[in-house]
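The feature region 'Disordered' is assigned by TrEMBL to 1-61, 75-127, 139-169, 601-644. Sequence annotations record features per position, and here TrEMBL assigns compositional bias 'Polar residues' to 17-28. Residues or ranges marked as compositional bias 'Low complexity' by TrEMBL: 48-61, 633-644. The compositional bias 'Basic and acidic residues' feature in TrEMBL is assigned to 139-164. Residues annotated as domain 'Xylanolytic transcriptional activator regulatory' in TrEMBL: 307-382. If you look up TrEMBL, you'll see Arg891 marked as active site, proton acceptor. Feature annotation from TrEMBL assigns active site, proton donor to Asp1189.
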Amino acid sequence: MSSSSYRGSLCKLTGELNGQQSHKVSGASSSSRKRKRRIKDEVEEEGAMPQQAAAKARSANAYVSELRATLTRYEDQIKELARQPRAQPSPPARGVSTGASNPSPPGIAPFEPTGEVPPPSYERAPGPLFEQRLRSLFHENNGKDPDSPEKDAPEHLENEDPRDLPFTPEWTSTNELIKGIPHQAFPKEAESNRLLNLFNSYMGVTQHFLDQRTFTDNMTLLFNSQASRARQMDTPWFTLYLLVMAMGKLMEEDPREVRGPPGAFWFAEAMRRLPPLHSISEYGIVGLEILCLATTYLQWNDRKNDAYFFVGTTVRLALTLGCNLPFSEQKCLPSERAHRMRVWWTVYMLDQRISAGLGRPASVDDRHLSFDLPGPSPGFDSPEPLNVNVKIARTTGEIMSSLYSRGALSQADLVRKMRNLLQSLHDIGGSIPADLAIDFSNKQFEVTRAGASLYLRLFQSIILCIRPILLQKVKDKVQKTQKQAVTSAISQLCLLCNESALRIIRILMAMQRQEEIAPFAFFDLDAAFSAAFVLIMRGFAHKQDSQKPPPQELFQAIDFLEYLSSAGNQAAAQRLKDVRQFSAHVWANVVAFDKDHDVQMGDSGASHGVPQVGNTPGAGLPEQSGPSPAQMPLTTPTPSSSVPSWEGEMFGGPADTYGSDTLFGLNLDENLEQAFGLEAAEGIYNSFNDPTLPLTGVDQLDWAELEKMMAPGGSVFNYPRRNFTMVQSILDSVSILGAGNEASRRILTKEAVNFLAILHRSFEPTRQHLLKLRQQRQIDTDNGHLPDFLPETKHVRDDKNWRGAQPAPGLVDRRVEITGPTDRKMVVNALNSDVWAYMADFEDSNGPTWDNMIQGQANLYDAIRRQVDFKLGEKEYKLRTDRTLPTLIARTRGWHLDEKHFTVDGQPMSGALFDFGLYFFHNAKELISRGAGPYFYLPKMESHLEARLWNDVFNMSQDYIGISRGIIRATVLIETISAVFEMDEVRITQSLQESVPSLTCFKIIYELRDHSSGLNCGRWDYIFTFVKRFRNRPGFVLPDRSDVSMTVPFMDAYVKLLISTCHARGVHAMGGMAALIPRKDDPAANAQAMDSVRADKLREVKAGHDGTWVAHPALASIASEIFNEHMPTANQIFKRPEVKVTRDDLINSVVPGKITDEGVRKNLHITLAYMEGWLRGVGCSAINYLMEDAATAEVSRSQLWYWVHHGVSTAEGTKLDKTTMLNILDEVTKELLKSAPANNKFELAAKYLRPQVTGEDYADFLTTLLYDEITSVGPSWKL
């Protein structure tokens, strides 16, 4: 269907709606009486032919019969309701007004329905409430559908206290954006011009923020000389300039910001320069421009509440300045009048749309305005696009203030109003300038940015006008209350709503092809989200047809949202999650979605397929080979065919097969009275005034509630919901055997201990089973079965559609993370470092003494609440306040470690669950309130089953404290040779498929995908497990530890596979830690060490890593410099490197290098020194200017065991047998004792190490070997 024919069809439809005016149905019984009198008068009319009178009488009798049936149905419903107990009113949801709970003020009569547009006090925006009600309807269906993934939702969540609902991504104040933003240089002249042009291309046609001539002149002065620059920077114009530059950064495809939203520093600087409200009017029109741009910046960053506050002030300033006055009444120069009027209408549009998005009253009442739109003016662009935009905004305001004001309009008036609104939208569509119009008959139509924006707003308004009818149909299906066939008019309106959604998505795809998308464009995101939900409702209407896949346009909308999300748009990430979860509910029976096979959905000549757009993330679809169902002809109904019912193929075939007098199969020239009838008008009215569907009433659900109640969401693609049993706690069976102190009494509260006990009883049996499987895998390897990719997970590999979770707040940009233990000094120093995240380590760098573990929890508790400052001697340690602190990520202990100081039912608790449980229980909601979340690193994982266990722990824990599933995020350390074969199902090229037909290396991400924040190259543990796993097999000998670098074959294959795995599934691929640390005693050696660190970080960023680790604050600047230069974006997830990695590559032990006498001695020195420190409670130590932790020590210890066990000789000819190794160990021990303090533990460490280096005994981990030595078990103490 062409653009003109579509507008024509809309016009005819509105004409059909207008036919309802003759009915004047304001109530069933009153209408019946009026109708009877009118028919009687018509029959007795003088001159009427007998046949005509008889026909009219028959018509009257039929109509009266219809009315009587309707009255009978109403009476039956009233009787049924009377028999039911009266429901208690639900408490109002946060931020949602009941709209009827407050009496009218004294002296003001309540507003009575008059058929006119109600005043602003009655306005309620349908957008948020519609979406909330849609979620509510899905919840009403919870458990009714046997295939529904949400049927197992925990019962205790149904009546959750609203205070416990998860946070929404709103600021508490704009100050949160300003505070802590690092300094950024102001743009130079060339950059300023580039950003200005970018701003104008996106915002300068359909809106008007600036007088381009004045702005350009001022910018020339800014760069003219130092003196003129100083003068310009001291003017209000410079504040405006900063906001334009900030908006330009938001529009970049490749934002180069490394913290906060793009342009945040310049916005923050503009806000610091903003004058107080009592003096901003002195700025005149510049002040209005400043507020207008500040509002837009907040809106584009999805800060709706702040934008609403700003736009209200902006409107009032505009009214105060008289910018709303007619052109002839503004006493200023013509060019000034033209500029002021254009700015005013831009403010008006912002006010209408921002207020609508929040369901709050607009700041200005249309009835008090003179709609004197701008006309042509020399020096200004044509006003036509701006005027069209204003008309759409005004019509949208009318839709919200009239159709959605429950009870304000009678039935006939509401139907007439709908007709007028659709007619108005038709007329507006016809007035779009020809140079901006879109030819929808062209399958690969091209768009302009301005034209696309107008059409997106136009189609959104059409959806807004109709979608309550669509929602009513969904409600009828959920509650199974529909008893009669849907009328043709209702069906036609639903079709029009669906077609508008399809066109929105096709426009967005065209914009993406032409690279016209701004990653933070608010209205593009809003349009995609709105259209996707219409298509999801359409799918819900046909949910009984399990063979019908989702429409391809829905996949395109998801791809579009993925693209915005991958660019760092947090609002898009949340919308994407919502769309995926709703889709997972609707298409619960679809095992895997295939984008290449689709069902036709009212295509208007545009192709369902969209060519791929370069390497743009999420763009396009796979090319189709051969005709797909979407390309095959469908049988099209003739114009006389009856419109399918709601339960059938509601949305018909291609619209352009019908004639000019039809729209989706309905003949618009038919008798309008017959086409609509009483049922149609009644259905339309009830859609907006259904007391059980209160679009303006209380609804406690939000998007996070939806995530909790539905399937383990985040994916459009179906997967089975895992059930687990939450075992109740009995505190009498819990023993705390560690010493009590202030920290333990703060952390081990009765509530926290109860939670720990539940975790233990729920998951300990599974943990023990998985630990036994580890032992079996080692036995299998010893017996000759080498690790390989899992054939049983082939279905995961073959499904190329599923993705991990979108990056959570604070985890989009992770370019440099610092790691270290949780002692108070380290916590403060790490959070004060110039890094993006701090991994607080309860594992490898932390000695797990009882005091360390409990005090570490207390330190993190205090740090999150910004109360961790302390004084050590004369030195004070305080958290910095000049910038946002790094994101906090806690690393728990691995599944293999116990916490023997805390027992449940006589069993020691898992160290992993102990660390996780305390940190999560105390801090999850506090972190959420601060705009982050409970984030974790998970170490030492050996299989996807262990990841599945973590996922169950996360789901149960989130349910327990009442937050949304998916709030927890976890980065998995791929540290074991087993885990590398189960990372996930890698997206592989054809050549790779041929070489590895059973490649299965993504399973860990798959199990954790709703909670996944990526994988990390845990390089040292990986080398350790490589030696450990193959220790009983000859042929896996490695040279000196210093020669086993990241570039050796098996490590290089490991890195490539991990990056490809992560990016194929849309999650971060984090690099590892260089063990080198600064040397203060030797400048030359320090320079060499720092060069090595630079080379390591350069290798990582060029390989495709999205971030890296450092172990010392002094290394942060080096790592940042490398990543900032080579990774200008927040991450590199969009990069899809092609890899060819086989099993043989991953276990290739051919490594250049030698085993030397010095290497043997160094390994003994490192292992012994580390074990001695660990026995004293020190988890990481600087040894030989390297940061050694449990992982590096394990590499050294395991190499020694392997060399002796397999009788290896050094390059110098030394035979490494038991005697030789013990002699060298004794020598090293004596050397270390010479400089050790009196209370050292070297002899104890040597005692434990001796049997570990003789090739005989081999403990799975040094930490489990030594743990009993640092366990200080005492009598249990009371809570």
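Just so it is clear, glycine is given a Cβ too, placed from its N, Cα and C backbone atoms.
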With DSSP as the reference, give the number of residues of the domain 'Xylanolytic transcriptional activator regulatory' (307-382) in helix, strand and coil.
46 helix, 0 strand, 30 coil
Between the Cα atoms of Arg891 (active site, proton acceptor) and Asp1189 (active site, proton donor), find the distance and write it as a whole number of Å.
14
Rounded mean pLDDT for the residues that make up the domain 'Xylanolytic transcriptional activator regulatory' (307-382):
85
In sequence order, which residues at least six apart in the same chain have a CB under 8 Å from the CB of Asp1189 (active site, proton donor)?
Asp844, Ser845, Trp1020, Tyr1170, Gly1179, Cys1180, Ser1181
Going by DSSP, is Asp1189 (active site, proton donor) part of a helix, a strand, or coil?
coil
Among all protein chains shown, how many Cβ atoms are found within 10 Å of the Cβ of the residue listed as 'active site, proton acceptor', not counting that one?
24
